[in-house]
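So the structure is just underneath, and the comments pick up after that.
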Amino acid sequence: MTETIGTYAGLFGGMLLGLLSLYLGNHFAKKKRALDERHHLIRTKARAASWFVTLAAIYLFFVLVLLNAVSSITFILAMLIMVHIGSWGCFVFYYQHKL
């Protein structure tokens, strides 16, 4: 029972902290006039490229499940979100220096 409460607290607490960080980041960026066309172009290109990496990871995990190499759906979902967010961050960094 205690593990379940901790799991829900971490899940919803992380979601709330993420949304709060998103709101505060946008709020302070608007004050510094950092939300311009270049910012939106970089984020859009990074999001599109990140989905290609995520699609490749989905196929990879599907093959691993078929080969019985990975059996935990929790592990697969955690790795997918890590791949997606990590690749998005890497592509934002890449496009900021490229454009």
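The backbone N, Cα and C atoms fix where each Cβ goes, and this holds for glycine too.
Since the structure is predicted, the reported quantities are computational estimates derived from the model, not experimental observations.
Record features (TrEMBL):
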- 6-25: transmembrane segment (TRANSMEM)
- 46-67: transmembrane segment (TRANSMEM)
- 73-95: transmembrane segment (TRANSMEM)
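Proximity of distant same-chain residues to the transmembrane segment (46-67), defined by a Cβ-Cβ separation under 8 Å and at least 6 residues beyond the stretch ends, is recorded for 76, 79-80, 83-84, 87-88, 91-92, 94-95.
Through the fold, the transmembrane segment (73-95) approaches residues 41-43, 45-47, 49-51, 53-54, 57-58, 61, 65 of its own chain, all at least 6 residues removed from its boundaries and within a Cβ separation under 8 Å.
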